[in-house]
Amino acid sequence: MQAVGAIVEYNPFHNGHLWHLIQARAITGCPYVIGVMSGNFVQRGEPAILDKWTRAEMAVRCGMDLVLELPYVYAVRSAQYFAAGAVRLLSALGVVTHLCFGAEQADLAYLDKVATALAENKVNASIVRHLKKGGTYAAALSTAVEETGLVTGDTLKLPNNILAIEYLRAIKKYAPELAPVVVPRKAANYHDRTIAGPIASATAIRQTLIAGPKTRESVRQAVPAAALSLLEEKLRVGQGPVTLEQFAPLLLARLRSATAQWLESLPDVSEGLHYKILTAAQTATNLEEVIAAIKSKRYTRTRLQRILIHALLGVTKPDMALFDRTGPLYARVLAFNDQGRLLLKEIQRRTSIPVITKTTRFLNSHSRSRHVLNDLQVMLAYDTLATDLYVLGLPNHHYRSGGWDFRRSPLYIAAPPPPTAL
């Protein structure tokens with residue numbers, strides 16, 4: 001059995017994602033596609049615009065066979081840890097032979113050369129040196145690699161190139177059995193904010209959806225029909241869109257009642273940043289004001305947003321460090337089709353980690369509140385707590401009750417054969 005893996009967020013699923021799925025099958029020849037997808041909060045430190053089950057169903061309707069959840073402790077992280085967690089999960093399944101990912105520069109030899117250079121101690125030392133001067137990880141990485149003379153230019157400052165390099169680094173370290181396959185991004189750039197045709201960025205689609213019903217007609221051209229009907233239904237009933245600002249009262253309350261010691265315990269908080277957060281939270285009236293008061297070359301928006309989400313959940317540095325050592329401790333199923341059912345049977349035969357289809361067999365709302373949990377339960381507790389807090393941002397208050405993870409089963413979708421063209 002051969003399967004190609006994809007590491008995704010689908011926030012939301014659009015035509016560019018469909019093209020990536022088609023290419024993954026065509027290039028690798030693999031009959032199965034497995035997605036590892038962020039849950040209800042995504043890498044940029046934002047709530048997903050739609051919940052994880054809806055986004056997983058969109059993917060399966062459009063040709064993915066099986067969607068697994070990337071645990072929160074990897075999903076809301078910088079590129080290095082996001083990539084490592086996802087690659088280790090795919091490797092642990094025992095059936096994945098390829099990893100297919102997109103990049104602005106789809107030159108595997110070039111990207112691999114950069115990934116190899118990053119394994120050198122002098123390059124890592126250079127990255128640390130440039131980070132201390134202020135600026136983003138991407139900029140520090142770009143400068144450090146350019147200093148080697150191997151590559152030049154600004155291509156390493158582009159988000160999908162950075163992720164591609166981190167996937168390659170993770171493969172070298174954790175999953176050498178995975179064959180990497182890179183495909184070029186089609187048309188739209190990651191940060192494009194307008195929809196100008198059938199291929200649009202997820203950023204542009206989210207901004208259009210958030211702007212309100214009057215602007216949403218343009219989204220129809222950028223989302224596959226099989227996913228569009230589900231998207232429109234969720235918007236109609238008030239299960240989206242969800243935005244970070246909807247959590248402002250919760251987060252401002254959390255920050256204003258926090259101690260400096262507690263804030264310092266959050267992942268990504270260092271160098272006195274906790275004092276800046278405390279000061280900003282006292283004067284800000286919304287989250288944008290908190291971020292604007294602190295944001296700088298050193299403290300990027302995405303880093304600050306991740307800190308806010310970690311504060312919402314109460315995540316600690318020791319827990320993050322623990323799970324960076326252990327890797328993913330389970331494979332949690334969100335959605336599958338008939339091909340996915342076959343995959344699951346084979347995965348359960350081969351994998352070294354539990355496959356979770358019923359969360360309450362491992363954790364429930366009562367056991368989650370206990371002080372003594374094993375490592376798997378702690379990891380799963382963050383996933384389930386993330387959902388319980390995420391639903392508080394749903395526009396329709398009737399859907400805001402907790403416990404979704406303990407009541408919902410994986411979605412089976414009798415999907416048609418996968419498409420071979422857009």
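Heads up, the Cβ atoms here are built off N, Cα and C, so glycines get one too.
Residues near ILE7 (ATP binding site) in space but far in sequence (CB under 8 A, at least 6 apart, same chain), listed by position: GLY35, VAL36, LEU70, ALA83, ALA86, VAL87, LEU90, LEU99, PHE101, LEU163, TYR167. Residues or ranges marked as ATP binding site in TrEMBL: 7-20, GLY102, ASN160, ARG185.
Every protein chain considered, the tally of other Cβ atoms within 10 Å of the Cβ of GLY16 (ATP binding site) stands at 20. With respect to Cβ neighbours within 10 Å, the binding-site residues TYR10, PHE13, TRP19 differ, and TRP19 shows the lowest count. Cβ contacts within 10 Å of ASN160 (ATP binding site), excluding its own Cβ and spanning all protein chains shown: 19.
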